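Marked as ATP binding site by Swiss-Prot: K9, F57, R85, T91, R102, N112. Taken from Swiss-Prot, the feature active site, pros-phosphohistidine intermediate applies to H115, supported by sequence analysis.
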Amino acid sequence: MERTFIAIKPDGVQRGLVGQIISRFETKGFTLVGLKIMTVTKELAEKHYDVHKERPFFSSLIEFIKSGPLVAMVWEGEGVVASARKIIGATNPLTAEPGTIRGDYGISLGRNLIHGSDAIETAQTEINLWFKEEELVSWKPTLTSWIVE
C-alpha cells in the first residue's frame with residue numbers, strides 16, 4: 001500500500017491546528033501508521049531539506065523547522081501521495097485554493113504549516129529519514145472496505 005510522509009511544522013503546532021489537519025486525512029479515508037511529536041535536530045533538518053541547501057533561504061528554513069515542536073506522520077492509502085498534495089494545497093498559502101489546508105489556514109510562504117512528500121520515491125526516502133521501521137504500525141481499519149473496492 002502506498003505511503004506518504006506528512007509533517008505539521010512548528011507554526012501549525014503552535015497555532016493549535018494539529019487535530020484539524022489530522023482530521024483532513026482521516027476523513028479522506030487514509031490510515032495513520034506513524035505519528036510522533038518532536039523537536040527537530042539541525043542534522044535532521046539539513047538532511048530533510050538538502051535539496052534547498054544552495055538556496056538563499058536555507059539557513060532560515062532550518063532555524064524555523066527547529067524553532068518548536070513538529071508533528072511527523074506517515075499516512076497510508078491508495079493514491080495517498082498525490083491526494084495528500086491536493087489536501088495540503090499550493091506551497092504559497094496566498095495562491096492555495098480555499099478548502100485546502102494552506103488555503104484555509106496558511107498566511108505566508110515562510111509559515112505554510114505543513115510538509116507533504118511530492119512523489120512516491122521521495123515519500124519513501126523521507127519516511128526512512130524520520131521513522132524507524134518499528135515506529136510504523138500496519139493495520140487495516142474496518143471502514144476500508146467502504147472506501148476502496
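Count begins at 1; order follows the chain as displayed.
Even glycines carry a Cβ here, placed using N, Cα and C.
Distribution of Swiss-Prot features across the structure.
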residue	record	DSSP (3 states)
K9	ATP binding site	coil
F57	ATP binding site	coil
R85	ATP binding site	helix
T91	ATP binding site	coil
R102	ATP binding site	helix
N112	ATP binding site	coil
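For the binding-site residues given as T91, N112, the lowest number of other CB atoms within 10 Å of the residue's CB is seen at T91. F57 (ATP binding site) counts 12 other C-beta atoms within 10 Å of its own C-beta, drawing on all protein chains shown. Counting in whole angstrom, T91 (ATP binding site) lies 9 from H115 (active site, pros-phosphohistidine intermediate) by their C-alpha atoms. In the shown protein chains, 22 other C-beta atoms lie within 10 A of the C-beta of R102 (ATP binding site). Sequence-distant contacts of the residue listed as 'active site, pros-phosphohistidine intermediate', defined as residues of its own chain at least six apart whose C-beta falls under 8 angstroms from its C-beta, comprise F5, I6, A7, K9. For the binding-site residues shown (K9, R85), fewest C-beta neighbours within 10 angstroms: R85. Here ATP is bound by K9, F57, R85, T91, R102, N112 per the record. The longest Cα to Cα distance in that group is 22 Å.
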